[in-house]
Amino acid sequence: MSPGNWKTTMVVRGILLILYGLLLQPEPGTATLPLLMDSVIQALAELERKSPATEAGHIASMWLLSAQGSGAHNPLPRFLLEGQSLKTAKLAPPSLSPEFQGLIEEVARHGVQDGKEYGVVLAPDGSTVAVEPLLAGLEAGLQGHRVVNLPLDSTATFPDIGATVPDLKATSSAHKDTSADVNSADVGTLSPNVRDTDVDAEVTFLDVRPSSTGVQVTSPDVQVSSPDTKAKSPTTVDSLLMVTLARDLGLHFLQGAQTESNSGLGTEGCWDQLSLPRTFTLLDPEASPLTMAFLNGALDGALLGDYLSKVPEPRPPLSHLLNQYYGAGVAGDPGLRSNFRRQNGAALTLTPNLTQQVWGTLILLQRLEPAHPQLQGMSQEQLAQVATHAAKEFTEAFLGCPAIHPRCRWGAAPYRGSPKPLKLPLGFLYIHHTYVPARPCTDFALCAANMRSMQRFHLDTQGWDDIGYSFVVGSDGYVYEGRGWHWVGAHTRDHNSRGFGVALIGNYTAELPSEAALRAVRDELPHCAVRAGLLQPDYALLGHRQLVRTDCPGDALFNMLRTWPRFNMNVKPRTARRASGRSKRRLPLMIPLATDLQ
């Protein structure tokens, strides 16, 4: 690596860890900025502008260690970071405006308390993102996509207190000048289920090295689904997945058995306002810390960390990278953006590998913190079962489901009157197109505006109690909640109580929706509804025109529906009545002949 590229890398890492370190220097009376991802990006840009290149490389890891010591105890970032003892240097981060200082203090620690979620921001795509796991993933990626070798024998112990990981300073070309002195007060203590007689005289040390092939899967023959199978411990864990997802997934599922339909993952919430958000209230006041915002931030951190670990030098400034990721796409790739985090995350966190990562992370935590109340006394087989359950639930209940924006996110007006509950599970999905709006919406602002427009039309012109559809699918990667899973809609006349009405925004008479929108309707939405007991396993899919005289959902889309496995071809389409030319001219411009009016 050239000296210039090395300096660039050190500056980028320094900026990130200065952001952590500023938590230790609160300023009284700081002004408040809206809790937007754009505000975080502006703060990063300010840090990048003020940080001298000669200092950034030396203070990066130390700032993260300092911030780690100021919050809830999590030994993994401290254990993984390279750098000298904090006592060897005095740190002097650049001064920021009171507004940016206050923002950094407010968002860099994630937490859930009294039904409120803290440390989260609203992103341009409409999603809410926890900043802490995002920053952890960026830092792990800047270190290089590294693999941590666990002891080959599950009963082996870690080095005694004060032991130095050998050759650590040569593990990454970006950090060759960094001497390692990785200490932990707990690493020399035996795991609760380790016998003294089992400890090999030659202790296996942890080795951290860059992974040239991405995430490594170890022990591929392990069978962790059966409690009667003696599990073999994984031999490596990936540091990127460890600090973003694996630790929190493992600890979450250690807390108690979860049902198949309610894993406690991904609780959504509502902002006090969308233009200047300040307070985020969870829809479930008893939600676990693994909220939708946390999982979004963790996935974003893992994806961007993976990108940073592979992108050639010089690496982009973090503010530039985040601006692209939460905008049009990283490096001009519209697929690599926050709208499609779940699809991209599914490729990065394949279930067998994620099981190994969660299991290995729990093993590492058990060695680092033998007195951990959740890990104490847990056998390897028990940890394997927890990891298997965690990976399965995360993959099926989160990655395999569409991202659904709740009503409050698009600014829905309240329901008029009292909604009528559905008798679940239902047996049908009824597919519509909106016709008006005719153009597919490809960003949150336009999709949300379309939702509000349709709701106003359904309320004020049609005289309905709410927007008619159960769900509406945009071309921005998101599904928008209409009446939702539990309330009778107004979408398919005489059939509203028998099925969910799902509309795709756009006119699909001659063109097809995006592949992402089709996948959400064909695969993701029904899969998750069946899994949650909302839709019958033998459900059927019908086009609107099969039940009502209408051209909906458009010829192109309907012909596509006919090729889908769940399509019920036994119900023949009903031909739409055509109005005379005179009556057509009398129709309001906002209500075309083929528009979806039940």
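Placed from the backbone N, Cα and C atoms, the Cβ positions cover glycine too.
Taken from Swiss-Prot, the feature signal peptide applies to 1-31.
Here Swiss-Prot flags 172-194 (among others) as region 'Disordered'.
Look at Swiss-Prot and you will find 212-233 (among others) tagged as region 'Disordered'.
Every protein chain considered, the tally of other Cβ atoms within 10 Å of the Cβ of N353 (N-linked glycosylation site) stands at 20. Look at Swiss-Prot and you will find N353 (among others) tagged as N-linked glycosylation site.
According to Swiss-Prot, the feature disulfide bond maps to C441-C447, an assignment based on similarity to another entry. Taking a C-beta cut-off of under 8 Å and a sequence gap of six or more, C441 (disulfide bond) has these contacts in its own chain: C447, N450, G474, S475, D476, I505, G506.
Swiss-Prot lists Y469 with the feature site 'Important for catalytic activity'. Annotation note: Y469 (site 'Important for catalytic activity') sits in a coil segment as assigned by DSSP.
Among the features that Swiss-Prot reports, N-linked glycosylation site is placed at N507 (among others). Cβ neighbours of N507 (N-linked glycosylation site) (same chain, under 8 Å, six or more residues apart in sequence): H433, T434, Y435, V436, A438, R439, G554.
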Exercise. Long-range same-chain neighbours of Y469 (site 'Important for catalytic activity'), Cβ under 8 Å, sequence gap at least 6?
Worked result: H432, M454, G482, R483, G489, H491, G501, V502, A503
Seminar exercise, completed: Cβ neighbour count (10 Å, all chains) around C447 (disulfide bond) is 27
Exercise. Secondary structure at C447 (disulfide bond) (DSSP, helix/strand/coil)?
Worked result: helix
